[in-house]
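Have a look at the structure that comes next, please.
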Amino acid sequence: MADWYQLAQSIIFGLIFAYLLAKLISILLAFKDENLSLTRNHTTQSEYENLRKVETLTGISGETDSLIAEQGSLRGDEDESDDDDWEGVESTELDEAFSAATAFVAAAASDRLSQKVSNELQLQLYGLYKIATEGPCTAPQPSALKMTARAKWQAWQKLGAMPPEEAMEKYIDLVTQLYPAWVEGGSKRRNRSGEAAGPMGPVFSSLVYEEESDNELKIDAIHAFAREGEVENLLKCIENGIPVNARDSEGRTPLHWAIDRGHLNVAEALVDKNADVNAKDNEGQTSLHYAVVCEREALAEFLVKQKADTTIKDEDGNSPLDLCESEWSWMREKKDSN
């Protein structure tokens, strides 16, 4: 009888031990899966941040971030290489330096008295710009008959999966090599308030072997001038045949950019040239949407006086009236009337 009692006791203890061991293994596996999930989520978010960008030239502005046109643009961390000259620089500072460089190149492109830069260097700038603003090339290869488009595609595609931050750094370095004093020249130009803006130092020629590239550069320039608040150069673009409602890759017109950056004088000049105040970007937002979200009351009121529609809805179903959270009396009256 004692033997049976001892055997039963051993079996019970064995079952309890097996249960506890199984429970411990289950807890360890659950912890491992949760940790792996967190790691994957972090990796996905980091990749997303590194691949998001703004696609068009960014103008020189006192603001560190664009409020609407660049609100979804996220930059990854700075390159961690020990020999990187930009190590430790805040992403906003790098963005500002890149914005200044791209604005300089855009301004330079519209000047016919240009310093000639080889096609090879121009293509390098183009490829770096596309990586910095759009990420790795995913576009199909153009036809061999379209020489310029194919050359530009190759310049972009050969950079592979270069991080946007590295592309911005290389772009700035290349512009600095071509014209070491460009930063000083740009600063002097911005500081001359009330004076007529003269040439911005040596400027870069467009790709010379096909006309389409020159037109594309000018269209980029008109958006850059609107962002910078460069009224005279913007008007020169329009006089040279660039449409006042020319759109960038996100469907934004110069008026969108002028409103986004708070340039009332540019907005007035564009409206005088018959700019469409109700033009929509790719997300269905008009310049008035931008003014409302950016809380630029003077610009919003100006647009409304120019017959901007307060009821146009964007892709999310929101009109400027819907988005307006500010206590603007004249806007409240329109809300009440609707």
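Yeah, the Cβs are placed from backbone N, Cα and C, and that goes for glycine too.
Because the structure is a prediction, the values reported are computed rather than measured.
Swiss-Prot lists these features:
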BINDING   TYR126, GLY127, LEU128, TYR129, LYS130, LYS152, TYR171  acyl-CoA binding site
COMPBIAS  77-89  compositional bias 'Acidic residues'
DOMAIN    94-184  domain 'ACB'
REGION    69-89  region 'Disordered'
REPEAT    316-338  repeat 'ANK 4'
So around the acyl-CoA site, TYR126, GLY127, LEU128, TYR129, LYS130, LYS152, TYR171 aside, which residues have their CB within 8 A of the centroid of those CB atoms?
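Once TYR126, GLY127, LEU128, TYR129, LYS130, LYS152, TYR171 are set aside, the remaining close residues are LEU123, GLN124, LEU125, ILE131, ALA132, ALA155, TRP156, LEU159, ALA167.
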For the repeat 'ANK 4' (316-338), what's the model's average pLDDT?
76
Where DSSP helix means H, G or I and strand means E or B, what are the helix, strand and coil counts for the domain 'ACB' (94-184)?
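Helix, strand and coil residues of the domain 'ACB' (94-184) number 61 helix, 1 strand, 29 coil.
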Quick one: largest C-alpha distance among TYR126, GLY127, LEU128, TYR129, LYS130, LYS152, TYR171, binding acyl-CoA per the record, in angstrom?
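Answer in Å: the longest Cα-Cα distance is 15.
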So for LYS152 (acyl-CoA binding site), how many other CB atoms are inside 10 Å of its CB?
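Taking every protein chain into account, the count is 24.
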